[in-house]
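Taken verbatim from TrEMBL:
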{"type": "DOMAIN", "residues": "28-487", "note": "domain 'Major facilitator superfamily (MFS) profile'"}
{"type": "TRANSMEM", "residues": "30-48", "note": "transmembrane segment"}
{"type": "TRANSMEM", "residues": "95-113", "note": "transmembrane segment"}
{"type": "TRANSMEM", "residues": "125-147", "note": "transmembrane segment"}
{"type": "TRANSMEM", "residues": "153-181", "note": "transmembrane segment"}
{"type": "TRANSMEM", "residues": "220-238", "note": "transmembrane segment"}
{"type": "TRANSMEM", "residues": "288-315", "note": "transmembrane segment"}
{"type": "TRANSMEM", "residues": "360-379", "note": "transmembrane segment"}
{"type": "TRANSMEM", "residues": "391-414", "note": "transmembrane segment"}
{"type": "TRANSMEM", "residues": "463-483", "note": "transmembrane segment"}
Amino acid sequence: MRPRTRAAPSIPPGIDALHQCYGRRFSHTFYKNMALVLTFFTYALFHATRKPPSVVKSVLKGDKITAANKALLSDAEVASSLGWAPFNGPNGSSLLGQVDLSFLAAYALGMFVAGHIGDRTDLRLFLSGGMVLSGLLTTLFGMGYFWDIHEMSYFATVMVFAGAFQSTGWPSVVSIMANWYGKGKRGLVMGIWNAHTSVGNIAGTVVAAACLQYGWGYSFAVPGVAISVLGVLVYLLLVVSPADVGLAAAGSYEAVKSTDEPQPDDFEEHPKAGAAAESESVTLWEAWAIPGVASFALCLFFSKLIAYTFLYWLPFYIKSTPIQGRMLSAKQAGDLSTLFDVGGVAGGILAGHLSDKTGASALVATGFTAVCVPALWLYRAYGHLSLAANVGLMMACGFLVNGPYALITTAVSADLGTHESLNGNAKALATVTAIIDGMGSIGAAIGPLLTGIIAEAGGFDGVFMMLYLSAIAAGALLIRLCAKELQVLRGLKGHMRTPSGVQLASKA
């Protein structure tokens, strides 16, 4: 590949102002922690802007009320129960599924393009621009309420552009995190950091549910404005790479040595921070050929299908299913659904920790998917018996669904993006991340769409059958990698039984 000259470090305006104010640079830890916090809240808000459609589904579709019930309701409650055209018709669930598909299909296709662009551009500008535009599109969907729009074409078009701009987020934040954190304990760090997904889902659900009393348009406008404001802060403050402020790369001796030492008042690039020239970014086909990428990408297809089916339909499912013989309101159903993500936080952290301890990411992911099938069945069969049963089983499902999803999209993607077959070419990371999450996003698009169609035709028993089969497929796709990891683990165990094996292990 033809080498190209490295671009000059891009110091964010806000950081440059801080440098000028204090007359010096800060420690490696300062910039790293700022990147950690900013990327965490960035992707939390990306997910928060995806939650309103699931919360307002039941409001848009409306409720079937009898004449007797109508007499007991206020005028506002009656008006709300009528739904919002065109989603309150007989094919309302299918139309809502099509809205989800518009967003998720554009997101999935945009992911492949976004990763390719992300490896070739300033990630700070790319990410902050995507955040501002994502916020604008989210707000525009909510404006349909204020502008009294009832055209399906309007809502679908807005969602297409929203999905495209949202695809800038994930390849960018994973690449930035990998720039600042080396491979040591990456699974645990990434597992904890990946809690942003669940935190965003919870925050988005709570905010959207709270805004329903003022009108469903506010459920979109509030998170839309929030992510746009944070996008401006990311532009001002996010340092993408240690090299941008003249520091050594993550994991190097110089980076460790300078962790708590303020840097001199010059901005010449550190000699270890980057070479004068670096390799061209890899193509999509070269990235796909990296060992393990195809298997994990296809596994994520099914894992994300399950996760996004819950993301977009769980509040609707809870509201339409009596719990202990009692129907919940849209707000109550939305609030209750957040417990799925509470379980998801713990699942992501444990999966990352187990991956670090064993070095066997495929075995960890397969173990989670295997136990996920009975957990899903138990939630469908017994979740309606009592509130306690619903809460416990829902959190268990969230724990098991989010474990492999979080592991594959973070630590596995980062490790494969720096695979030894790339010969040190760091420009592949966003592309590899985009391929893996892009395949997952295709599954994420298909799941909610099929859920709307299946639920309309025969109820949620068929939906859960789709989820069972998807979990089985996700685990089966990693069987070959699991076999290789077992061979490696047996080999390591055999070496450790001999003095030479202990010596080799200690040197590693």
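Every residue gets a Cβ built from N, Cα and C, even glycine.
If you look at the transmembrane segment (153-181), the same-chain residues 6 or more away from its ends with a CB under 8 A from one of its CBs are 31-32, 35-36, 39, 42-43, 46, 49-50, 98-100, 102-111, 113-115, 118-119, 123, 126-127, 129-131, 133-134, 137-138, 140-141, 144, 189-190, 193, 238, 240-242, 249-250, 409-410, 413-414, 417-418, 429-431, 433-434, 437, 441. Counting Cβ pairs under 8 Å to the transmembrane segment (360-379), the top-ranked stretch among 30-48, 125-147, 220-238, 288-315, 463-483 is 463-483. Sequence-distant contacts of the transmembrane segment (288-315) (same chain, six or more residues past either end, CB-CB distance under 8 Å): 50-51, 53-55, 57-58, 100, 104, 201, 205, 330, 333-334, 337, 340, 361-362, 365, 369, 372, 376, 397-398, 401-402, 404-405, 408-409, 412-413, 416, 419, 421-422, 428, 432, 435-448, 451-452, 455, 463, 466-467, 470-471, 473-475, 477-478, 480-481.
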